[in-house]
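The next block holds one structure in the form of structure tokens; read it before the comments.
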Amino acid sequence: MEKKYILALDQGTTSSRAMIIDEEGEVIGVAQEEFDQIFPKPGWVEHNANEIWASILAVIAGVLLKTNISSKEIAGIGITNQRETTVIWDKESGNPIYNAIVWQSRQTEDICKQLRKDGYEDTIRSKTGLLIDPYFAGTKARWILDHVDGAQERAEKGELLFGTIDTWLVWKLTGGRAHITDYSNASRTLLYNIYDLEWDDELLKMLNIPRAMLPEVRPSSEVYADTVPYHFFGEEVPVAGIAGDQQAALFGQGCFEKGMAKNTYGTGCFLLMNTGEKAVRSENGLLTTLAWGIDGKVEYALEGSIFVAGSAIQWLRDGLRMVRQSSDSENYASRIESSDGVYVVPAFVGLGAPYWDSDVRGAVFGLTRGTEKEQFIRATLESLAYQTRDVLYAMEQDSGISLKTLRVDGGASANNFLMQFQSDILGVPVERPENKETTVLGAAFLAGLAVGVWKDKNEIKKHWKLDKRFEVEMKDEQREDLYEGWHKAVKAAQAFK
């Protein structure tokens, strides 16, 4: 049988998905399985790593069954994962010693406070491109080693293994033959030097993480090891591509050249700009991260996150009951010519890049007796575009690269009003692809490159198909007036504490 399909595994925060992708980059079939969220205390979020593994086995079986494709026809497996989520397991038995601590979880705040107190901020920033925050994996590993009896000692003896979710899945799929991660995931741990491309002794000492438990860091596109036959219907299939979800989306969007950027409009927004083979150190509170490593060289990215995006539209629907379903927001916003001076600052959990203000709260400005729900809905959608411009402007300042176009994906990218306004407020075209599953495509493309389904990035580029290009329609003067109003609104919200 000809091996012409790639199986892409997308291990997310609330569910696991498997997709089969053909040589044309088309999705042939999908299977999805949700799993439980564990909330031991307020602000803590954990997953059962064995349940995640069970969900992966279920979706692999499900998608092969659904598509009637044999395991013999799979040329390779690509993995993309929720980043930063951390597992520590027993090397012999393969059992996790504690739940996986999820990227959203704030349970390591005390460890972070101590690191700040000890003056490690500049060291961490200069070596990892990251900030001290419970978000990243290193403090999660420290927390597990602190809270499980005997764990530190066992880790030092080499009896325990650490990994982000990609590492855990590769280890399980290969029957323990490969304990690895890729550059993109390693760069989110607080332990990896993104300039020297190695686990950093000073950082390991800082968190007292034994080197013996760390995975080997490998390129994002490479044959790492084969599946054990009993996990893949009797077949040994190469696991050949890995990238964290946002980096995978950048790759799946075909953002291969320096200066190309993508925005994923999910619950929040994740913006990444490819900065090429040079790491750009941010002066604006953005993260410097590894995008991927292929063919012996690595590329870097700048990353900015917006905390509230799609969740602002959910707030209109569930909190304020202004719309029945999220997609109605487009219709309401399009009925009027403008928001009539109304601004919504959706700082429900503070503001992310480039403000990094965790104390500011949501606010609405410019209401008059004539304000109706259309203006309110439109202003809420516009806030997503303003925040995106804030981050992209910071990226341009840091990198010295002018953005030419923005590629978009994620749920809210289907909103035509929002995408048009995004183009207008940025002053550059916005491109939405036909296939919105860019994260999965990224993982598939990385694996396919390693096993020869696609020859090179140029061939992959041909499989990126445009759904709609939104051209700039707004005059410069109007754009700057609106954006100035947004900044006034943010400043006023920040003053109200």
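Glycine is no exception: its Cβ is also placed from the backbone N, Cα and C atoms.
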Which of THR264, THR267, THR368 shares the ADP site with THR13, ARG17, GLY310, GLY411, ASN415 in Swiss-Prot? The record says THR267
Among TYR120, TYR135, TYR195, TYR224, indicate the single residue that Swiss-Prot lists for the glycerol site containing ARG83, GLU84, ASP245, GLN246.
TYR135
Out of these recorded positions, ARG17, ARG83, HIS231, which one has the fewest other C-beta atoms within 10 Å of its own C-beta?
HIS231
Taking the mean position of the Cβ atoms of ARG83, GLU84, TYR135, ASP245, GLN246 as the glycerol site, which residues outside that list, in the same chain, have a Cβ no more than 8 Å away, listed in sequence order?
GLN82, TRP103, ARG188, GLY244
One residue among the binding-site residues THR14, SER15, GLN246, THR267 has the fewest other C-beta atoms within 10 A of its C-beta, namely THR14
Under 8 Å Cβ to Cβ from GLY310 (ADP binding site), same chain, six or more residues apart: give me those in sequence order, or none if nothing qualifies.
TYR265, GLY266, THR267, GLY268, SER326, GLY410, GLY411, ALA412
Which one, from the binding-site residues GLN314, ASN415, has the smallest tally of other C-beta atoms lying within 10 Å of its C-beta?
GLN314
Give the three-state DSSP assignment (helix, strand or coil) for GLU84 (sn-glycerol 3-phosphate binding site).
coil
